[in-house]
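Novice: Structure below; questions to follow.
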Amino acid sequence: MRIATWNVNSIRTRADRVVAWLQRSDVDVLALQETKCRDDQFPESRFTDLGYQVAHVGHSQWNGVALLSRVGLEDVEVGFPGQPGFGSPEPAVEARALGATCAGVRVWSLYVPNGRTLTDPHYEYKLRWLEALRTAAGGWLAADAGAQVALVGDWNIAPQDDDVWDVRVFAHSTHVSEPERAAFRAIVDAGYADVVRPHTPGPGVYTYWDYTQLRFARREGMRIDFVLGSPALAARVTNALIDRQERKGKGASDHAPVVVELRD
DNA sequence: ATGGTAGACAATCTA
């Protein structure tokens, strides 16, 4: 079984590329972020034609997350249970979390709030959102230590200095601040391991490259897209990759897909 | 060089 996550930066603009990628990558579950469309605008038939079931929680202009699965898509849920206001469309511009069970694995497509700047109210909201996620995700393991849970998506956090091309450039910026990194570590400490990094060691290994400043050509990126797995999920991981080929050429998203392979 | 690029939507906002 293969699970992937990809911030596509508009599913309508990227549909041809996503379809082509699905057809050659043998992925069973694909979590999408930044779909940038309302639910009624999602090009669902492009994916149902390929045998995938589709769930989407959208927004008129930005963010929006989806789950595509060809191995079942059950108990679809928006937001974090017991954490009202986080993950559901309130506050409207930032919160996105969509969960579903696919072949026994609870997969959450997450778009962690960007934060904008260290002094913006959205930064504090980002930290609260991550705390709500930690509380919810910790609760799932407290209820069932053997649960197979994958927390996947765009985390908008670079947990280590090596996860950006030059940490000096990011001084006083979001994504690398200690509170954000602590929030990420708290979720790891709650039992969710980064299952991709062991298979894709850095430095210089990224999942995102800004469109400006020739960042991709200069190999100046950030590792901010992650798959965190519960113990039972992590035990099944046999391989992982970041498909940086998909960042190349005209019409690419600014993020690359991240893929994990699970043993049966 | 006070910028750069991309996307939504139609004047700016977001990333």
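Here the Cβ of each residue, glycine as well, is placed from N, Cα and C on the backbone.
Copying in the features that TrEMBL gives for the protein in this structure:
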{"type": "DOMAIN", "residues": "A:4-255", "note": "domain 'Endonuclease/exonuclease/phosphatase'"}
{"type": "BINDING", "residues": "A:Asn7, A:Glu34, A:Asp154, A:Asn156, A:Asp254, A:His255", "note": "Mg(2+) binding site"}
{"type": "ACT_SITE", "residues": "A:Tyr111", "note": "active site"}
{"type": "SITE", "residues": "A:Asn156", "note": "site 'Transition state stabilizer'"}
{"type": "SITE", "residues": "A:Asp225", "note": "site 'Important for catalytic activity'"}
Novice: Could you please provide the mean pLDDT value for the domain 'Endonuclease/exonuclease/phosphatase' (A:4-255)?
Specialist: 94
Novice: Other residues with Cβ within 8 Å of the Cβ centroid of A:Asn7, A:Glu34, A:Asp154, A:Asn156, A:Asp254, A:His255 at the Mg(2+) site?
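Specialist: Neighbours found: A:Asn9, A:Gln33, A:Tyr111, A:Tyr208, A:Ile224, A:Asp225, A:Ser253.
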Novice: In whole Å, how far does the CA atom of A:Asn7 (Mg(2+) binding site) lie from that of A:Asp225 (site 'Important for catalytic activity')?
Specialist: 8
Novice: Just the number: how many Å between the Cα atoms of A:His255 (Mg(2+) binding site) and A:Asp225 (site 'Important for catalytic activity')?
Specialist: 8
Novice: Please give me the CB contact count at 10 A for A:Asn156 (Mg(2+) binding site), counting all chains in the structure.
Specialist: 23
Novice: Cα of A:Asn156 (Mg(2+) binding site) to Cα of A:Asp225 (site 'Important for catalytic activity'): how many Å, rounded?
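Specialist: Just about 7 Å between their Cα atoms.
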Novice: DSSP on A:Asp254 (Mg(2+) binding site), three-state: which is it?
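Specialist: SS state of A:Asp254 (Mg(2+) binding site) = coil.
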Novice: May I ask which residues of the same chain, at least 6 positions away in sequence, place their Cβ under 8 angstroms from the Cβ of A:Asp154 (Mg(2+) binding site)?
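Specialist: A:Asp154 (Mg(2+) binding site) has long-range Cβ partners A:Thr5, A:Asn7, A:Gln33, A:Glu34, A:Leu110, A:Tyr111, A:Val112, A:Tyr208, A:Ile224, A:Asp225, A:His255.
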Novice: Can you tell me how many other Cβ atoms are located within 10 Å of the Cβ belonging to A:His255 (Mg(2+) binding site)?
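Specialist: I get 25 for this one.
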